[in-house]
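A.B. asks: Next up is a structure, given as structure tokens.
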Amino acid sequence: MDKLLIQGGHRLSGEIAISGAKNAALPILCAGLLTADTVQLSNVPNLQDVTTILRLLRQMGLRAEQDGDKVVLNGSAIDKLEAPYEMVKTMRASILVLGPLLARFGEAKVSLPGGCAIGSRPVDQHIKGLQAMGAEVTIEAGYIHAKAKKLKGTRIVTDMITVTGTENLLMAATLADGETILENAAREPEVTDLANLLVAMGAKIEGIGTDRLVIQGVERLHGATHAVIADRIETATFMCAVATVGGDVTLRNARTDTLDVAFDKLREAGAILTSGDDWIRVQMASRPKAVSFRTTEYPGFPTDMQAQFMAMNCVAEGSSRVIETIFENRFMHVQEMNRLGAAITIEGHTAIINGVDKLVGAPVMATDLRASASLVIAALAAEGETLIDRIYHLDRGYDRMEVKLSAVGAQIQRVK
């Protein structure tokens with residue numbers, strides 16, 4: 001099993017190219033199920049989760065050709081309307097095939113999802129929404145089995161803001177009969193990116209980027225060409241790394257309009273940030289100052305950035321409080337950071353971090369995707385050598401992170 005070996009204490013300098021967004025690419029790839037025509041995608045990241053979803057889609061009969069960051073999809077020969085447990089258990093985003101299959105073919109059988117260990121993240125909002133659109137849904141032997149001759153447009157108010165729930169219901173509504181209104185919809189940029197692709201495919205969607213989406217169902221969707229947006233979480237991760245260890249790094253192919261909260265907190269920590277249309281420069285010459293924050297839905301502070309900013313706070317000047325409101329179990333990285341010498345205590349949904357003068361390298365273990373990224377940042381700041389185990393979590397959502405960091409001066413290598 002691969003591990004990362006990191007020698008800490010090196011400043012970062014140079015340029016890093018940002019990849020396409022994982023959380024946009026996954027639903028966008030599933031949208032290929034909605035049409036028999038060809039969908040051409042670019043800026044698709046090279047990630048384990050993308051490989052997994054493509055394997056699942058191919059198993060259903062979707063043709064998918066991949067060349068670098070380009071993927072060409074064709075859904076004219078789909079012959080299997082099932083997502084089996086073996087495929088879904090490794091990645092909960094597989095649930096995103098449910099809406100498209102049901103809308104286009106009138107039936108879908110999808111295993112209840114697996115994925116991260118950071119919380120239950122139930123799919124009940126997906127199911128309730130599809131039932132409101134007229135689907136018959138049963139759960140038996142660990143599978144969601146949904147049927148509908150034709151989904152009917154309706155008004156859906158989700159009990160909570162759910163990104164994948166919004167995406168699933170949005171895709172289903174594009175081919176439904178009549179008007180669907182999604183209230184309390186997720187506003188994340190990745191949802192907006194999916195909606196923009198669907199419009200390019202012929203969908204009629206109003207309110208894109210707001211919490212109220214109005215969809216007029218159409219008879220069929222056609223092919224389209226689309227570039228996946230830049231990954232704001234990867235961008236923030238590298239920004240955080242520079243702010244933690246110091247240096248001067250320019251991030252290319254980045255989006256600045258989705259990172260307001262990260263900009264605010266990094267400037268509060270003492271980083272100097274400048275940016276253009278597709279680049280961000282991060283300069284840090286001093287020890288960071290501690291920053292407190294509370295995770296919440298977009299446009300608030302993303303839960304997917306929580307662990308990385310906590311790593312920065314570990315070596316920051318002062319004390320900070322981090323309140324996690326989205327997922328339970330999302331402080332699993334704390335124990336590993338404390339092994340490196342951090343001073344973090346947990347009180348319910350709040351982590352209290354007292355910045356220390358230095359971290360010291362030690363063997364640690366990644367527990368989930370963003371936790372693994374936070375351990376990389378902490379290891380870059382630590383004195384001596386850190387060995388991070390179970391980095392398959394990292395590969396799920398970061399495109400060759402160690403290669404990108406090595407290019408800007410980090411002493412990091414992948415070992416067996």
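Cβ coordinates come from backbone N, Cα and C, glycine included.
The annotation active site, proton donor is assigned in Swiss-Prot to C116. Marked as phosphoenolpyruvate binding site by Swiss-Prot: K22, N23. Per Swiss-Prot, UDP-N-acetyl-alpha-D-glucosamine binding site is recorded for R92, R121, P122, V123, D124, Q125, D304, I326. If you look up Swiss-Prot, you'll see C116 marked as 2-(S-cysteinyl)pyruvic acid O-phosphothioketal, on the strength of sequence analysis.
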A.B. asks: In angstrom units, rounded to an integer, how far apart are the Cα atoms of N23 (phosphoenolpyruvate binding site) and V123 (UDP-N-acetyl-alpha-D-glucosamine binding site)?
C.D. replies: 17
A.B. asks: If you count Cβ atoms within 10 Å of the Cβ of N23 (phosphoenolpyruvate binding site), leaving out that atom itself, what do you get?
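C.D. replies: N23 (phosphoenolpyruvate binding site): 26 neighbouring Cβ atoms within 10 Å.
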A.B. asks: Under 8 Å Cβ to Cβ from P122 (UDP-N-acetyl-alpha-D-glucosamine binding site), same chain, six or more residues apart: give me those in sequence order, or none if nothing qualifies.
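C.D. replies: Once residues fewer than 6 apart are set aside, P122 (UDP-N-acetyl-alpha-D-glucosamine binding site) is near nothing.
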A.B. asks: I'm trying to understand the geometry here, so how far is the Cα atom of D124 (UDP-N-acetyl-alpha-D-glucosamine binding site) from the Cα atom of K22 (phosphoenolpyruvate binding site), in Å to the nearest whole number?
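C.D. replies: Counting only the Cα atoms, the answer is 23 Å.
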A.B. asks: May I ask which residues of the same chain, at least 6 positions away in sequence, place their Cβ under 8 angstroms from the Cβ of Q125 (UDP-N-acetyl-alpha-D-glucosamine binding site)?
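C.D. replies: Q125 (UDP-N-acetyl-alpha-D-glucosamine binding site) has long-range Cβ partners T158, D159, M160, T162, G165.
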A.B. asks: Hey, which of the binding-site residues K22, R92 is the loneliest by Cβ count within 10 Å?
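C.D. replies: Taking K22, R92 as the binding-site residues, the minimal 10 Å Cβ count falls on R92.
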A.B. asks: Taking the Cα atoms as reference points, how far is R92 (UDP-N-acetyl-alpha-D-glucosamine binding site) from K22 (phosphoenolpyruvate binding site) in Å?
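C.D. replies: So the Cα of K22 (phosphoenolpyruvate binding site) lies 13 Å away from that of R92 (UDP-N-acetyl-alpha-D-glucosamine binding site).
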